[in-house]
Ligand SMILES: Nc1ncnc2c1ncn2[C@@H]1O[C@H](COP(=O)(O)OP(=O)(O)OC[C@H]2O[C@@H]([n+]3cccc(C(=O)O)c3)[C@H](O)[C@@H]2O)[C@@H](O)[C@H]1O
Ligand SMILES: Nc1ncnc2c1ncn2[C@@H]1O[C@H](COP(=O)(O)OP(=O)(O)OP(=O)(O)O)[C@@H](O)[C@H]1O
Ligand SMILES: [Mg+2]
């Protein structure tokens, strides 16, 4: 195995094989233990209709149900956060049907994003790009979830996991902004395995991953932007051999996105001296 591959696997905590039942149990226990340790009143999570939030949402609901059996009252708000009308509306509904959350909310982020865009264009006298508008949508979702969390004493669940963390494929302080990450340590195909184990409908566990942030390309596949497939990333994270150009692409993305997996850099940090750090783009 490549030296950096071993280091990355260690950091991402991905195992080459998993037992889905054990993984579900451990992750539900983690959600429960942390909630009890903090005294938080429950969880909030954005449900997109994609597979990561479907899995994290079901785990959260199972945690809340198990807490209730122990006599601990906890809430779980599954919140739809569409930007206007979602092109995959039916998947979002199917996800909610599978998650069976204690409470379901819908919070449209479009007016907030439009407000930011208008003010940016007025101040800068320049048009906002579709790409940065996309990251603004992800950050508006983060703000919405923290509004709900702040008012209700809840923890914000994030859906980051090995296959996204390694490439830094998330918006810094957007979907990357959360309190607890129950999926961390899994890769994408393991997420699918857990969903199948939990009885998710095929349209959810088979769904093609999309960040779905662009107005100009709704539902663009993540793999299209990344230029590598999740199968390749998953193989790499399970310690398998992948073509050199694939390994190099993953490692390049890993190195230039280190800042996204760290707290804001200070004079006392040294990680940025160790190997490439660069602008993301
Ligand atoms: N070396 C460095 N040290 C410290 N900070 C650095 C930096 N390079 C950039 N930055 C900062 O980071 C910013 C860029 O980061 P960011 O704003 O995140 O933007 P960026 O990484 O350019 O874009 C986010 C990427 O994540 C993808 N995404 C987003 C959300 C969800 C999903 C999904 O899969 O669902 C995927 C999205 O498609 C896009 O490719 C810069 O504006 C700058 O402020
Ligand atoms: N339209 C949306 N409505 C609600 N939450 C959203 C929406 N889009 C993104 N999110 C939140 O941002 C997170 C990151 O998005 P991401 O696309 O990585 O996950 P996903 O949509 O759940 O799964 P997939 O990777 O299969 O698309 C989601 O898990 C979800 O919590
Ligand atoms: Mg998605």
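Cβ atoms are placed via backbone N, Cα and C, with glycine included.
When TrEMBL records 46, 47, 48, 49, 50, 51, 52, 53, 188, 210 as binding ATP, the matching candidate from 159, 167, 229, 257 it lists for that site is 159.
Cross-referencing 126, 133, 139, 220 with the deamido-NAD(+) binding residues that TrEMBL gives (172, 179, 259, 260) picks out 139. A count of other CB atoms within 10 A of each Cβ picks out 48 as the most crowded of the binding-site residues 48, 210. The most crowded of the binding-site residues listed here (139, 172, 259, 260) is 139, judged by how many other CB atoms sit within 10 Å of its own CB. In the vicinity of ligand 3, defined as a Cβ distance under 6 Å, the following of the binding-site residues 46, 48, 50, 164, 172, 210 are placed: 48, 50, 210.
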